[in-house]
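Going by TrEMBL, these are the annotated features:
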TRANSMEM  20-46  transmembrane segment
DOMAIN    22-472  domain 'Major facilitator superfamily (MFS) profile'
TRANSMEM  66-88  transmembrane segment
TRANSMEM  100-119  transmembrane segment
TRANSMEM  125-145  transmembrane segment
TRANSMEM  157-176  transmembrane segment
TRANSMEM  188-211  transmembrane segment
TRANSMEM  287-309  transmembrane segment
TRANSMEM  321-342  transmembrane segment
TRANSMEM  349-369  transmembrane segment
TRANSMEM  381-408  transmembrane segment
TRANSMEM  420-442  transmembrane segment
TRANSMEM  448-468  transmembrane segment
REGION    499-552  region 'Disordered'
COMPBIAS  505-536  compositional bias 'Basic and acidic residues'
COMPBIAS  543-552  compositional bias 'Basic and acidic residues'
Amino acid sequence: MGLGKKSIRINGADCGFESILLGVITSIGGFLFGYDTGQISGMLLFKDFVNRFGQDQGDGTRDWTPIIQSLVVSLMSIGTLIGALSGAYTADWWGRRKSLSFGVCIFIIGNIIQITAMNSWVHLMMGRFVAGLGVGNLSVGVPMFQSECSPREIRGAVVATYQLLITFGILISNILNYAVRSIEDSDASWRIVIGLGIAFSLPLGIGILWCPESPRWLAARSDWEGARTSMARLRGLKHDPKHPLVERDMKEMYDSLEVQNRVGVGSWVECFTGSTKATPKVAYRTLLGVAIHFLQQWTGVNYFFYYGATIFESAGIEDPIQTQLILGAVNVAMTFFGLYVVEKYGRRWPLFLGALWQAGWLAVFASMGTALDPENNRVSGIIMIVSACMFIASFASTWGPIAWVVIGETFPLRTRAKQASIATAANWFGNFLISFLSPIAADGISYAYGYVFVGCNLAAAAIVWLFLYESRTLSLENVDRMYGEKDVKPWTSSKWTPPGYITRKQRDETHDHDDDATRIGSTETRRAVSGEKKNSDSFPSEARTEDASRAV
């Protein structure tokens with residue numbers, strides 16, 4: 001029996017093994033993101049790495065000048081920004097699966113360029129730029145693919161595994177940096193760390209081709225039979241594609257796609273030009289996604305992961321790479337808790353409270369580093385490490401995973417790929433600013449730089465409270481409906497239930513047939529989603545087929 005015929009019960013509904021396998025494989029994209037982020041922190045301290053790519057100092061030694069260090073670290077983020085914008089095109093042109101394989105190929109090319117660098121920091125920097133193109137492409141494709149394929153009962157947890165694998169990538173890179181530091185006088189130290197990234201990427205590039213394609217992408221191209229088969233496989237019902245659970249998912253998807261197709265094809269401009277009845281609050285949701293993802297970076301997390309080893313070395317910590325390893329372990333452990341948080345408590349409250357908690361501990365970190373010189377005060381150094389751990393514990397269980405969940409389920413289908421690209425590009429732009437400005441800012445204002453992140457976390461808490469709607473347990477189609485309800489406010493959105501539902505999880509079966517008649521009504525629509533034919537032609541009609549083929 002194939003995996004497409006196996007399922008388990010989660011939150012009262014059938015979730016196919018293939019949907020779980022898809023979540024695991026695609027999350028490797030997050031691992032590559034984290035691995036590339038975490039490896040540079042330790043490598044910046046390796047003797048051979050510094051001797052090859054550092055700069056001559058006035059005292060005759062080799063070390064990094066702040067601007068060169070900023071460029072080497074940050075140009076990867078410029079690559080990821082461009083890759084994120086390109087991800088909208090590749091995901092729409094080739095489908096979600098092939099787009100991810102393409103991103104892996106670009107990532108591998110970038111790693112090869114880095115490995116072959118000899119003494120030129122520009123050569124190394126360009127390799128990081130190319131690898132960033134691949135990571136950026138994946139950072140758009142993975143959460144979008146997971147959101148479109150995962151049954152809504154597990155969607156939040158599946159998308160959150162993307163962040164979980166980011167934390168694993170950071171931890172594994174920290175472990176490898178710690179393991180090879182005994183040979184830091186040899187070029188093998190950093191070449192091994194970079195080269196292993198190629199091996200880690202292969203399961204994603206190859207394995208994803210064996211997973212089902214996104215049913216929503218197939219439906220948008222009028223491949224209703226393919227969409228039904230994919231939906232059934234993801235529910236573990238490949239042997240029963242007419243199962244009521246599959247029928248319900250297909251009807252909701254068809255209804256949403258039909259309404260959106262009537263107003264034309266989504267464009268980049270439309271992401272910022274208001275809304276229609278079919279696609280409410282489009283510009284609102286674009287700007288919300290941009291704000292959340294930009295501020296995810298400016299919570300300050302990559303201040304620690306890019307430069308943590310350097311920060312703690314300057315604070316007088318005896319083994320800064322070991323300290324970085326501790327932070328990575330906290331990051332992984334608390335992200336597991338985040339998978340529970342996102343399904344149990346939703347999106348709004350964890351993001352709101354997490355931002356306030358993070359602001360508090362960053363204030364402690366910055367205050368201790370500013371008031372007491374940590375290089376000459378052991379207590380100050382210890383408190384700073386504890387503060388960093390408490391900050392990362394919160395980020396890992398809230399802003400880390402949930403920001404990716406939000407962009408995966410907030411946007412309408414017609415413009416989802418483009419809006420996800422814009423939001424993810426904002427994430428990478430924030431990432432670039434952090435990686436570029438941190439060495440320069442730290443050289444100028446030292447640990448007082450932490451107060452900047454305090455302010456950003458407070459701003460993030462305010463934006464979540466005032467603008468983010470609670471989408472927990474809703475289908476992607478019903479998220480659109482919720483944003484279109486004029487009487488629903490962000491702070492009351494958790495109480496909203498879709499028409500025809502008793503709760504967000506349970507349909508009102510006594511009104512089910514009436515609701516279907518209202519939403520799906522026509523015989524043509526029922527035939528389209530059930531795979532029937534009218535005369536010898538499949539549905540929808542030719543006009544709708546042409547519209548649907550351009551929908552995404």
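Going from the start of the chain as shown, residues are counted 1 onward.
Every residue gets a Cβ built from N, Cα and C, even glycine.
For the transmembrane segment (321-342), the residues of the chain that approach it from at least six positions outside its boundaries are 38, 41-42, 45, 156-157, 160-161, 163-164, 167-168, 170-171, 173-175, 177-178, 181, 304-305, 308-309, 312, 350, 385, 388-389, 392-398, 400-402, 405, 472, judged by C-beta separation under 8 angstroms. Proximity of distant same-chain residues to the transmembrane segment (125-145), defined by a Cβ-Cβ separation under 8 Å and at least 6 residues beyond the stretch ends, is recorded for 22, 26-27, 29-30, 32-33, 36, 40, 71-73, 75-88, 90-91, 96-97, 99-100, 102-117, 159, 162, 197, 204, 214, 404-405, 407-408, 416-417, 420-421, 424-425, 427-428. Residues 284, 288, 291-292, 295-296, 298-300, 303, 347-348, 351-352, 355-356, 358-359, 362-363, 365-366, 369-370, 399, 406, 438, 441-442, 490-491 of the same chain sit 6 or more residues outside the transmembrane segment (448-468) yet have a Cβ under 8 Å from a Cβ within it. Of the Cβ pairs linking the transmembrane segment (100-119) with the transmembrane segment (157-176) and spaced 6 or more residues apart, fewer than 3 are under 8 Å, so the two regions do not touch. With a threshold of 8 Å between CB atoms, the same-chain residues lying at least 6 positions outside the transmembrane segment (349-369) that come near it are 292, 299-300, 315, 338, 341-342, 380, 383-384, 387-388, 390-391, 394-395, 397-399, 402-403, 406, 446-451, 453-454, 457-458, 460-461, 464-465, 468. When each of the listed stretches 20-46, 157-176, 287-309 is scored by C-beta pairs under 8 angstroms to the transmembrane segment (188-211), 20-46 comes out highest. Beyond its flanks by at least six residues, the transmembrane segment (20-46) meets 3, 8, 64, 69, 72-73, 76, 100, 103-104, 107, 128, 131-132, 134-135, 138-139, 141-142, 145-146, 149-150, 154, 158, 161-174, 176-178, 181, 184, 189-190, 193-194, 197, 200-201, 203-204, 207-208, 211-212, 234, 302, 305-310, 313, 320-321, 324, 328 of its own chain at Cβ-Cβ distances under 8 Å.
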